[in-house]
Every structure is written in C-alpha cells, then in structure tokens.
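**Q** Below is a structure I'd like to ask you about.
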Amino acid sequence: MKKILFIGAGSMAEALIQGWIKEKVFTPQEIYVTNRSDKERLQFLQETYGVHCLFDQAIYKEADLIILAMKPKDAIAAMCDLQSKITEQSAILSILAGIAITTITEYLGNRPVARVMPNTSATIGMSASGIAFNNEVSSGQRIMFLQLLEAVGSVIEVDEDQLHAVTALSGSGPAYIYYLMEAFERVGTKVGLSKDTVRLLMTQTLAGTAEMLKQSVDEPDVLRKKVTSPGGTTEAGIQALEQYQFNEAIEACIKEAEARSRSLANG
Ligand SMILES: NC(=O)C1=CN([C@@H]2O[C@H](COP(=O)(O)OP(=O)(O)OC[C@H]3O[C@@H](n4cnc5c(N)ncnc54)[C@H](OP(=O)(O)O)[C@@H]3O)[C@@H](O)[C@H]2O)C=CC1
Ligand SMILES: O=C(O)[C@@H]1CCC=N1
C-alpha cells in the first residue's frame with residue numbers, strides 16, 4: 001500500500017484528495033493529511049473522505065510522495081519543519097504558486113520534484129494542469145506524476161518559467177469564470193429571468209462553447225462571427241464590451257496575475 005502525505009489541508013489539497021479518491025488513484029487509507037493548526041479542518045477531512053489526519057511521525061519517513069499544499073508565504077516555514085522529518089528518497093509534488101523547484105531543493109535537499117499548477121476542478125476530474133520537473137525525476141517517476149494529474153483532468157508539460165503564465169490562466173481561471181457567472185446571474189435577474197434560469201442557461205452555454213472550441217477546426221474569432229449577425233443582438237453586446245475595454249481588462253487581469261506569481265517567489 002502506498003503512502004501519500006499532504007502538507008497543507010486547504011481547498012486545493014481537498015480538490016486533489018476528492019479527485020484521486022473518486023478516480024480510485026488512491027484509497028483513503030493511502031492518504032495522510034496534516035496542516036499547521038486547524039484541527040477542525042483535519043477532523044472534517046477525516047470524517048468526509050476517510051483519510052488519515054492523526055498519524056505517527058514515522059509516516060513522514062515512509063511516505064512515497066509528499067505534496068506541498070500550503071500557501072506560498074508559508075512554504076519556507078513548512079519546509080524548514082519538514083526537512084529533518086523526511087528521507088532522501090521521497091519525491092515531492094509541489095502545487096505552490098510561484099515557488100521555484102530550486103527553492104524547494106534548497107530547503108529539502110536535491111531530490112525528485114514535480115512542480116504542478118492544477119486547478120480546483122480536479123475535484124470533479126476536470127483540472128487543467130501545467131507541470132515541470134527537475135532532473136532528479138526518473139522517466140518512471142515522470143510517467144507516475146503525469147498519470148496522477150491525468151487522473152484529475154488534463155496535464156501539459158511546460159518549461160518551469162511558463163508555470164507563472166499557467167498559474168495566471170488556468171490556475172486562477174476557475175475564479176474568473178465564477179466571477180463571470182456571478183455577473184451573469186446578477187444582470188440576468190435585472191433583465192427578467194430567475195437566478196436559477198440564468199444558471200441553467202449559462203452553465204450549458206459555457207459547457208457548449210468549451211466543447212465547440214475543442215471539437216471545431218475553426219478559430220474562436222470565426223466561431224464568434226457565426227453567432228454575430230450584422231445589426232443583431234450579439235453585435236450590440238460586443239460593442240458594449242469593447243466600449244468598456246474588455247480586451248484591456250483581460251490583458252491586465254492575466255498580466256497582473258502572472259506578475260503576482262513571479263513575486264510570490266520572493267515572499
Ligand atoms: N486554491 C486554488 O485554486 C489553487 C491553489 N494552488 C496552490 O495551492 C496551495 C494551497 O492553496 P489553498 O489550498 O488555496 O490554500 P488554503 O489556505 O486553503 O490552505 C493552506 C493550508 O496550508 C496549511 N499550512 C500553512 N502553513 C503550514 C505549515 N507550516 N505546515 C503545514 N501546513 C501548513 C494550512 O493550515 P492551517 O489552516 O492550520 O493554517 C492550510 O491547511 C497554494 O500554494 C496555492 O498557490 C494551486 C492551484 C490552484
Ligand atoms: O490565487 C492563488 O494564488 C492560487 C494560485 C492559483 C489559484 N489560486
């Protein structure tokens with residue numbers, strides 16, 4: 001039986017735990033979770049998913065894989081605490097935004113590290129993840145890491161530096177879409193629909209649009225033009241988006257998020 005140890009028990013740890021258990025990648029008995037101080041949170045995870053949250057210190061040395069899942073600002077303290085507890089062999093999977101692999105090996109020693117940027121849709125097996133490895137990762141371990149992320153969605157290997165952009169786009173991406181949905185629901189009720197009706201219409205519209213982009217050979221602008229009748233409703237809506245500088249807003253959003261990811265490395 002494997003031993004997978006999560007250091008950090010927040011939203012993203014829970015998303016991966018849920019996804020891996022649902023996809024039968026690990027059994028709950030194979031998963032160990034710890035945090036800094038929030039005992040109620042650990043109790044919730046233990047009761048909800050059946051994972052181990054109270055365990056012997058020996059587990060640190062026995063763990064096959066250690067997952068760094070605390071906030072970037074807490075990473076150095078967590079790694080300082082971890083360094084004497086783990087063996088030289090254990091591999092690391094880091095989901096920390098911004099923190100370089102070299103920072104991890106500086107604190108935890110030279111060892112196999114996969115740096116991953118998943119998103120919370122891992123909960124339902126729909127994450128879009130970026131991944132980068134250090135040279136200590138063997139070809140077998142590389143396959144293992146890729147399979148772990150494929151089990152909870154899609155995964156693409158990128159240069160480590162590109163993970164900042166991945167973080168700004170797909171790591172944070174679900175929040176942008178939820179924010180968009182909040183706006184649709186707010187305005188949808190102003191133009192006469194119930195919130196439930198807006199939710200139903202727009203979740204299906206988002207899902208259908210994503211599927212069209214996956215299946216169609218056409219570029220997004222071609223697909224957009226097929227919706228946009230001259231003098232019609234879509235044209236009026238898009239003109240309003242342009243008037244409110246939609247493109248500038250999106251550019252600022254992604255650039256700010258990317259820059260924040262880079263700055264997280266500096267604490
Ligand atoms: N949320 C998201 O959508 C995504 C997050 N990420 C990355 O995942 C990481 C976690 O994010 P998220 O789950 O949102 O964070 P949360 O704030 O939800 O959870 C952070 C967890 O880390 C624990 N923690 C803090 N310090 C330590 C420590 N020294 N030792 C052990 N555990 C510690 C906290 O414990 P306690 O509560 O007891 O303090 C808490 O359980 C971040 O690095 C983030 O960049 C990546 C992709 C998407
Ligand atoms: O907001 C954050 O910093 C993390 C990284 C990507 C999503 N959440």
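Each residue, glycine too, has its Cβ placed from N, Cα and C.
Whatever TrEMBL says is automated annotation, not expert-curated.
What you see is a predicted model, and the numbers here were worked out from it, not measured in a lab.
Feature list, courtesy of TrEMBL:
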BINDING   Ile7, Gly8, Ala9, Gly10, Ser11, Met12, Ala69, Met70, Lys71, Pro72  NADP(+) binding site
DOMAIN    3-98  domain 'Pyrroline-5-carboxylate reductase catalytic N-terminal'
DOMAIN    160-264  domain 'Pyrroline-5-carboxylate reductase dimerisation'
**Q** When DSSP is mapped onto helix/strand/coil, what comes out for Ile7 (NADP(+) binding site)?
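**A** Reduced to three states, the DSSP call for Ile7 (NADP(+) binding site) is strand.
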**Q** Given the model, what does the mean pLDDT over the domain 'Pyrroline-5-carboxylate reductase dimerisation' (160-264) come out as?
**A** 98
**Q** Show which residues of the chain containing Ser11 (NADP(+) binding site), separated from it by at least 6 in sequence, have their CB under 8 Å from its CB.
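**A** Ser11 (NADP(+) binding site) has long-range Cβ partners Thr120.
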**Q** With every protein chain in view, how many other Cβ atoms are within 10 Å of the Cβ of Ala69 (NADP(+) binding site)?
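**A** Around Ala69 (NADP(+) binding site), other Cβ atoms within 10 Å: 25.
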